[in-house]
Every structure is written in structure tokens, then in C-alpha cells.
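Student: So TrEMBL says this about it:
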COMPBIAS  203-218  compositional bias 'Polar residues'
DOMAIN    1-38  domain 'Potassium channel'
DOMAIN    74-150  domain 'Potassium channel'
REGION    188-218  region 'Disordered'
TRANSMEM  17-39  transmembrane segment
TRANSMEM  60-85  transmembrane segment
TRANSMEM  97-114  transmembrane segment
TRANSMEM  126-146  transmembrane segment
Amino acid sequence: GYGHTVPLSDGGKAFCIIYSVIGIPFTLLFLTAVVQRIIVYVTRRPVLYFHIRWGFSKQIVAIIHAMVLGFITVSCFFLIPAAIFSVLEDDWNFLESFYFCFISLSTIGLGDYVPGEGYNQKFRELYKIGITCYLLLGLIAMLVVLETFCELHELKKFRKLFYVKKDKEEDQVHIMEHDQLSFSSISDQAASMKDDQKANEPFVTSQSPTSNDSSLNN
């Protein structure tokens, strides 16, 4: 929110809180679903096409594609809209218009610059609708560009530096202890099975060698 329109009553403030709690997660889910579908056609398929069709390195194609996509996004959603706002808004120059585009699409939304607030603005309602569409499309484009850069191999390697590494020695100790317990349990079971077999065997008396000699003499 830009902060130029705020609820004043207690009921309006309560409704704003409830609406934000429900609306913000659904908006994030909507943007995530849209970006995941767009990036397949805008980023992954073109990179794969140039990699397979022309035999270029996939990493180089991904870097060039990300830079081209970033340049197109900056041109279409920052430079060109800033020039348009500087013409439509009487009190804005190009820098102030570019500042509004950046603050809006980066979701900062300070509210110090809000377009379409002049009462003598021509087609003010249509102008507001156009700004809303621009902000929605620009936000989606920004997320697509960010996701494209995040999929670069170099950035993936950089992100791995911040991952929590597992202690391999500790894992091996747990595996060894588990193996020792399993082997000991197996050996104990085998020993108990042997004792049971011996207990179930019939008792056979062994004859002494003296008795055998006496029988031979007779």
C-alpha cells in the first residue's frame, strides 16, 4: 500500500487486517503459480532449444538469456513507463517517474509518489486501471527475471555456500552403530537357535574305550 488511502474507523481497520491475512497468502500463491508456468516457456524451453538445436553450452546460453531477459524487463517496465509517467504527470520528471516504478515493482511502496491523484487528470478511472495492470504485470515480470537468474549454475553454486552441511562422520558413526547392533542381534539369534537345537537332540551315551577292549577280548 502507498499509504495515501487508509481506513479511519475501527471496523475498517479490522476488515483491513482480516482481508490482508487472507488476501496476501492467496496473492503469493497466485503469483508463484503464474511464474512457475511462465518460466517454462520464457526461460527453460528457449535455453534448451538453443542448447540442443545449435549445440551451444547450456551455461553460456542461460547466462546470455538471463541478461537479455533482464534488459527487456528493465526497458519495458522501468524505462518506457518512466518516460510515459513523466509525460502524463505534470509534476514528475524522468527520475521521479523511474523512482516510482522501482519503488512500486520492488514492493516497497513508500507512497510519496502516487500517479493519477490530480483531479484534472483526463480519463482518471481508466488511468488507474491501467496502472493496476502495469503493476501486476511488472511484478510478475520481476519474479520471472529473479527466478531465471536463480536457476543459473553459478548462482546455484553460490547458494550452496549458505546451505547447512551435514556432518558425514556423525552419519557414519550412526551407521556403524546401527550395523553393530544388527550384527550382534543376528549373532545372538543364531546362538540361541543352536542352543535350542542341542536341547532338542536325543541324548546318546558314549561308550568308554575300556568297554570296547573288553568286548574285543571276549
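Every residue, even glycine, has its Cβ placed from backbone N, Cα and C.
Each of the listed features needs to be described in terms of its position in the shown structure.
Tutor: Under DSSP, residues within the domain 'Potassium channel' (1-38) fall into helix, strand and coil as 29 helix, 0 strand, 9 coil.
Outside the transmembrane segment (17-39), and at least 6 residues removed from its termini, the chain residues within Cβ reach (under 8 Å) are 139-140, 143-144, 147-148.
With a cut-off of 8 Å between Cβ atoms, the residues of this chain six or more beyond the transmembrane segment (60-85) that come close are 42-43, 46-47, 50-51, 92, 94, 97-98, 100-102, 105, 115, 134, 137-138, 141-142, 144-145, 148-149, 151-154.
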Student: Can you tell me how the residues of the domain 'Potassium channel' (74-150) break down into helix, strand and coil by DSSP?
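Tutor: Once the DSSP states are binned, the domain 'Potassium channel' (74-150) shows 54 helix, 0 strand, 23 coil.
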